[in-house]
Amino acid sequence: MPNHEEKANNITLYPISTSNFNPSRNKGIFLSFVSLILLGILPIISNSRPIELDALNFAFYLSFWELICSLPLLIIEMSHSDSGLFQKSLEKKVRNKTLIVMGITGIIFSISTFFYVFSFEKVGTVSAVIAIQTYPLFSILWEFLFFNKKKQPKEIIFTLIMIFGIYYLATGGTWLITGFSPWFLVVLIVPFLWSVAHVTIKNTLDKSPITPIQVTFFRVLISSIILFISSSLVNGLETVFNGFLNNEFQFFGFFMGLVYYLELINWFFAVKHVKVSVASSITTPTPMITMILAFFLLREAIEPFQIIAMIIIFVSLYGLLWSGFRIQKQLKIQSLTTPP
């Protein structure tokens, strides 16, 4: 499901034509705020669904409707240009390699979609959405292990602050290990899987001409297939098909799928207009939107420890963004001052 650190990294991996394109900062900021609202709404939709609709079937239905929602833009793109994986001049080896990577990441995202829905159900809307913001924590780990990217002291400090915030949230504000909820580990599976997916696609898609629309389509296509098979095996094929005949089930599946697809596409266009760091800083307060909506729409109580944990994690996220910006600025200065 949606995560902007993941998509922030991925946007550079999915080249799109920039001919005759004039970036607009105001438009980029506006689209980033749209993403903020859409991301804040998703957990509310998930936990508003009928109690009879279990997480696995719901994950399949929302992925199915997301797939349907992705078709119009895909058809329009294919009818207007010979782009992405459908370029006639594209080497077969590159196309096949990209399709394999999309298949692997599609499987990963199908699993994360289920746990995304399941975690909100078990942990609660507010705590889960705060915990999912920890994606950078896993990204830092994988970058260190696989790419040997050493982190600066500032990044390490803000990472430690984030870990303290997550532990505080997981223990219900008690700091005691006895207060640790095992369901909280389920939530952390989501950002963990997102980070694994990013590492998986990073090197392959750097040189791939696949477009954002195609990336989204293949991702939800594979996810839908995997989740359909899983739902059929666990709940029975008859139950899955009967769910399609339930208007209430399909309303929430369609609503969730539509909002999530719109958020994905909106984000890709937002970061065409502004830097990823700018868009990410705008979408960081997503838990605040969810918290407000959960209080008024779901009548979910907001605990003081959740607010404190959210502030701690916000500080660490903005600190990591600031550290990254400083490092990029220093590298740019060094490249300009270093003789060829």
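Cβ from N, Cα, C; glycine included.
Per TrEMBL, the features are as follows:
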DOMAIN    27-169  domain 'EamA'
TRANSMEM  28-46  transmembrane segment
TRANSMEM  58-78  transmembrane segment
TRANSMEM  99-118  transmembrane segment
TRANSMEM  124-145  transmembrane segment
TRANSMEM  157-177  transmembrane segment
TRANSMEM  183-205  transmembrane segment
DOMAIN    183-321  domain 'EamA'
TRANSMEM  217-237  transmembrane segment
TRANSMEM  249-269  transmembrane segment
TRANSMEM  276-298  transmembrane segment
TRANSMEM  304-325  transmembrane segment
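For the transmembrane segment (217-237), the residues of the chain that approach it from at least six positions outside its boundaries are 54, 56-57, 59-60, 63-64, 66-67, 70-71, 74, 99, 102-103, 105-107, 109-111, 113-114, 261, judged by C-beta separation under 8 angstroms. Residue counts for the domain 'EamA' (183-321) under DSSP (helix as H, G, I; strand as E, B; rest coil) come to 120 helix, 0 strand, 19 coil. The highest tally of CB pairs under 8 A with the transmembrane segment (276-298), across 28-46, 99-118, 249-269, 304-325, is held by 28-46. Within its own chain, the transmembrane segment (99-118) is flanked in space by residues 1, 46, 55-56, 58-59, 62-63, 85, 132, 186-187, 189-190, 193-194, 196-197, 200-201, 204-205, 210, 215, 218-227, 230, which lie at least six positions past its ends and keep a Cβ under 8 Å from the stretch. Taking Cβ pairs closer than 8 Å, the transmembrane segment (28-46) reaches residues 1-2, 4, 58, 116-117, 120-121, 125, 128-129, 252, 255-256, 259-260, 262-263, 266-267, 269-274, 278-279, 282-283, 285-290, 292-294, 297-298 in its own chain, all 6 or more past its ends. Secondary structure by DSSP for the domain 'EamA' (27-169): 121 helix, 0 strand, 22 coil. Averaged across the domain 'EamA' (27-169), pLDDT for the predicted model comes to 91.
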